[in-house]
Every structure is written in structure tokens, then in C-alpha cells.
Amino acid sequence: GRWAGFPRHLGIHSGGMVICDRPVIEVCPVEWGRMPGRSVLQWDKDDCAAVGLVKFDLLGLGMLSALHHGYDMIGMSLDLGDMTLDDPEVYDMLCRADSVGVFQVESRAQMATLPRLKPREFYDLVVEVALIRPGPIQGGSVHPYIRRRNGQEPVTYAHPLMRNALEKTLGVPLFQEQLMQLAIDLAGFDAAEADQLRRAMGAKRSVQRMTKIADRLYAGMAARGITGELADDVYRKLTAFASYGFPESHAMSFAYLVYASSWLKRYHPGPFLAALLSAQPMGFYSPQTLVDDARRHGVEVRRPDVNASGAKPVLESTPDTRWGSRPGEPPHAWGLGGPAVRLGLSSVRTLGEGVAERIEADRAAHGPYRDLPDLARRTGLTAAQLEALATADAFACFGLTRRQALWAAGAAAQDRPDRLPGTVTGATAPTLPGMAAVDRLVADVWATGLSPENHPARFVRPQLDALDAVPIDRLGRVEPGRRIRVGGIVTHRQRPATAGGVTFLNLEDETGMLNVTCSPGLWQRYRRVARTSAALVVRGRLQRHEGVVNLVADRLDAIEPPVSPASRDFR
């Protein structure tokens with residue numbers, strides 16, 4: 001017990017920096033970091049703040065890169081400060097929880113909240129961002145806010161002094177600033193003490209620091225007649241925010257990115273997909289899920305091609321291509337007639353960005369590649385790299401099938417600049433049988449990690465039909481409370497610390513996605529299947545509440561898809 005709370009090790013903040021009004025070495029001892037040219041302060045962040053150094057946490061967001069790519073592709077400049085934030089089509093999309101790939105509101109919990117919150121204006125997005133955080137969840141703010149927002153519960157204040165801090169959010173605390181204001185209004189904290197409270201709420205060992213503030217808080221509330229259960233409830237909400245709650249300013253800046261990414265998805269789903277794939281790794285979903293969602297919105301996705309692809313995904317258009325969907329169109333039509341997305345060469349196994357950029361640069365400098373041997377001579381690719389490109393069907397521009405290209409790849413790899421052209425034998429493949437759809441799926445996933453034309457669940461649909469499993473896009477027609485089976489690929493496993501041991505699975509088939517709830521007992525009973533199976537048939541009772549569909553599982557069975565994509569598992 002004597003060691004509890006002591007530092008376990010030293011660490012360097014990946015994005016932390018300080019600003020000083022003089023050379024920082026005059027204030028704080030400095031040492032060289034491991035990275036060349038980097039220096040590190042020898043004091044921790046709290047000591048730096050205590051002596052007046054100005055601290056910055058530089059937050060790197062993949063969505064900023066994605067938005068930069070996406071808006072460049074459609075020829076627009078993005079200024080978050082000048083955006084029009086009232087497009088009803090954008091809010092309609094979010095109310096349907098059609099938010100795969102959208103910044104911050106694509107998680108299971110956010111997608112379950114969007115149809116209930118029904119955002120219709122920008123501040124609703126600010127609330128949505130802040131709502132699904134451990135602080136508001138543990139503080140019991142989520143459901144009361146939604147009920148009040150929808151007129152299902154009156155707006156009340158446990159004490160008149162709370163109105164000043166909580167009126168903006170219907171009497172429910174959502175932001176750190178509100179908790180600071182409550183401490184000022186209810187306990188008589190001054191600005192400095194409220195700032196100490198803010199620091200305690202944001203600290204790593206914040207619960208212990210919050211405990212130290214408890215005596216001062218209770219004494220101040222008692223002086224204003226706030227005691228008993230009401231005082232305990234205020235303190236409970238404060239300590240809940242110590243488990244991580246958002247400042248309003250943080251939530252507002254994130255909400256701008258929510259809107260910007262939502263607008264891009266609604267009106268330009270092709271560029272939106274290309275931008276997300278260019279910024280990987282990022283976000284909640286795998287590239288395969290992003291591609292499947294884009295295809296459901298009418299976007300055509302094409303395989304890599306050595307004469308058409310860039311290192312990153314590119315858009316392909318014709319003079320007849322339309323840029324931007326129209327208001328009122330159904331979601332499946334948003335991408336129809338729009339630009340196609342050509343996957344990037346860097347997505348091909350064994351290549352990486354450096355080799356992909358070399359292929360693109362040589363093509364730009366010396367013209368398209370004439371054939372496979374010409375590519376091999378000009379780029380110096382290894383046999384393994386040529387075979388990976390062949391498996392990805394990246395040589396279709398040469399009139400080669402995958403199997404013909406694989407046959408020729410090994411011989412072509414021997415064609416080097418130090419050899420006479422045309423002296424390598426075996427580069428011409430004989431006539432070979434074509435590949436079935438399932439073989440193309442396996443080849444695509446092996447070579448690039450995803451299939452641009454098919455979903456693995458499509459190939460087990462006969463098995464699912466034999467079990468009377470319902471396709472996910474038909475669940476809206478199923479009566480709530482009915483016991484059904486649903487099958488698909490497991491894309492996520494998640495057990496939040498705030499969920500009392502409940503595990504959530506995200507199940508995806510060729511038609512859509514479904515959230516599955518697994519009780520602790522069920523998870524323990526089917527532990528091996530639940531943890532290791534790439535695809536499942538889930539039996540359970542269907543729930544539908546305020547537009548949110550969920551399956552409460554009572555049985556899990558494994559199925560074997562032709563490929564087994566890895567799920568993204570979270571705590």
C-alpha cells in the first residue's frame with residue numbers, strides 16, 4: 001500500500017511542448033531525447049505548470065488529414081470557421097446513425113445514441129461528442145439528458161443554485177466547465193480553487209486528487225444549506241468526471257470535425273472513402289468496413305492498377321461524372337454516377353509507401369508501363385512484390401489475368417537493367433482457367449486486406465439461409481422481442497469499463513451492421529467461440545427502441561467464412 005500512487009516509470013509525452021519567455025534551460029534542466037535534435041525537460045508536467053511554463057498538448061488527428069485529402073479531391077478549401085452548419089440533409093443522415101467513418105460519432109455507443117438524440121443543430125453535435133464519455137456515463141447524465149431533450153421528462157434542478165451552471169444542458173452536467181461552475185455556485189470556490197478542481201478532473205490519478213478536495217467541497221455546500229443526498233450527488237458527479245469528461249471547448253472543436261466529415265460523406269461519398277483510406281490507420285472501422293459502407297452508398301471501388309493507381313487511393317472520373325449528390329436522394333444513390341475510387345498501390349502486401357511512390361514517380365517521369373517485364377526493369381521490384389501485385393490484379397492493364405500474371409511474375413523479376421531486354425524466358429503465360437468469385441475474394445484480401453467487390457458473408461449466405469438467419473437490412477421488418485438468428489463477420493469486440501461486464505459485438509453481413517449485446521454469463525459460457533471466431537451466428541431477442549436496433553444474444557455459434565478478417569477489439 002505504501003507504493004500506491006507512486007510513478008511506475010518515466011515517459012515522454014508524444015505531443016507535449018512548453019513555451020517560455022526566456023531560454024527554457026534557464027528555468028528547467030533539459031536533456032537530449034532519443035530522437036535526433038529533440039530535447040526533453042527533466043521536470044514532469046505538473047512541476048512545469050507550477051513554475052509558470054505554458055504547456056501545450058499537440059493533438060494529432062487522422063481526420064484532419066482525411067478532411068484535407070477529401071476537400072482537395074473535390075476542389076474545395078475547408079475553413080472550419082466559415083462552414084455553414086445548418087444543412088438538414090447532414091442532420092438527417094446522422095439521425096439515422098449513418099455515420100460509419102464520421103469523426104467521433106461512428107462508435108457503437110455513439111451510433112446507438114444518435115437516433116435518440118436526433119441532432120438538428122450544431123450544438124446538438126457538441127452535446128453528442130461530450131455525452132458518450134466515462135464522466136457523463138458514470139455520473140448518470142446520458143439518459144436524463146436525452147429524455148429531457150425529447151420532452152419525455154421535465155427540466156428540473158435539484159437546487160436553485162444549479163440553474164446558472166446547468167441551464168444550457170437542460171439541468172444535466174455534461175462538461176468540465178459546468179462542474180467548475182457548480183463548485184463556485186454551490187460551495188463558494190473561488191476561481192483558483194475551481195482551476196484546481198479542473199486540474200484534478202484531468203489528472204492521471206484524478207480520483208485521489210478529487211478526494212483531497214472533498215472536505216472543502218462539503219464544507220462549502222453545507223454553508224449554503226446543501227447537505228445529505230444532494231451534496232453526495234454533487235460530489236458523485238464531480239468524481240465521475242474525474243474518470244474523463246470533456247471541456248465544452250474541446251467538444252465544440254470536435255463537433256466542427258463531426259459536421260465537416262458528415263457533410264463530405266453525405267454529398268461526396270467517393271472522395272470521403274478515398275480520404276479515409278489515405279489517412280489509415282485511423283478511426284473505429286477497418287478499411288474493409290469503410291469500403292463496404294461506401295459501396296452501399298453507390299460508390300464504385302476498383303482494385304489497384306500499376307498504370308492507374310497512385311501510392312494512395314485516387315478518384316477516377318469521366319466527362320459524364322457527377323460531382324456531388326443531390327438533396328433528397330436515398331442513401332444508396334449518393335455515389336451513383338460519381339467518381340470511382342481506385343485503391344492505392346501502398347495497400348498491396350510487401351510494397352509499402354516507399355515502393356508505391358517509386359512506381360508512381362517512374363510512371364509520371366517516363367510514361368505508362370508497357371508490360372510486366374518493363375515494370376520490373378524500371379522499378380527493380382522483387383519477385384515477392386510482383387507476385388503480390390499480380391494477386392491484387394494490378395496487372396489487368398496489361399491484359400493479364402491474375403493467374404497469368406502470377407505465372408509471369410517470377411520470370412519478370414529476373415529482367416534487370418543489367419540484362420539484355422527479352423532474354424528472360426517464361427514470362428509469357430499459357431491459357432489458364434479463370435478464378436471463381438470466392439477465389440477472387442481470397443486473393444483480394446490476401447493482397448490488400450480487403451475486397452472491393454464482395455463481402456465475406458455473401459459466401460456463407462446459403463448456410464445462413466438454411467439456419468433461417470435474417471439479413472441485417474431486413475431487421476426493420478422483424479417484430480421486437482422475437483427470437484431470431486443473425487450471422488455475419490465480427491468487426492469489433494468491446495467491453496467498456498462502464499458496462500458492468502457486458503460485452504458488445506459488432507456483426508456485419510453484406511447488407512449492413514448490427515450491435516449484439518452479450519451478458520457476462522453468456523460470454524463466459526461461449527468464451528472460446530466468442531473470442532476467437534471471425535464470424536458468428538447469433539441467436540437472441542431483437543430489441544428496437546427509438547430507432548435503435550440491438551440483438552440481445554442467448555447463443556453463439558461459429559461459422560467459417562472463406563476469409564477470416566481480424567476484428568478490432570477494445571476495452
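Glycine too: its Cβ is placed from the backbone N, Cα and C atoms.
In TrEMBL, annotation is done automatically, which means it is predicted and not curated.
Note that the coordinates shown come from a computational prediction; the quantities given were computed from them, not determined experimentally.
As given in TrEMBL:
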type	residues	note
DOMAIN	4-60	domain 'Bacterial DNA polymerase III alpha subunit NTPase'
DOMAIN	63-224	domain 'DNA polymerase III alpha subunit finger'
DOMAIN	298-405	domain 'DNA polymerase helix-hairpin-helix motif'
DOMAIN	485-556	domain 'OB'
REGION	306-337	region 'Disordered'
Residue numbers, six or more beyond the limits of the region 'Disordered' (306-337), whose CB comes under 8 Å of its CB atoms: 69, 73-74, 89, 93, 96, 98, 266-271, 273-274, 277-278, 294, 296-300, 343-347, 353, 356-357, 359-360, 363, 368-369, 375, 389, 394-395, 397
Helix, strand and coil counts within the region 'Disordered' (306-337) (DSSP): 3 helix, 3 strand, 26 coil
Best-contacting stretch, by C-beta pairs under 8 Å, relative to the domain 'OB' (485-556) and drawn from 4-60, 63-224, 298-405: 63-224
DSSP residue counts for the domain 'Bacterial DNA polymerase III alpha subunit NTPase' (4-60), split into helix, strand and coil: 9 helix, 14 strand, 34 coil
Summary of DSSP states over the domain 'DNA polymerase helix-hairpin-helix motif' (298-405), given as helix, strand and coil counts: 45 helix, 8 strand, 55 coil
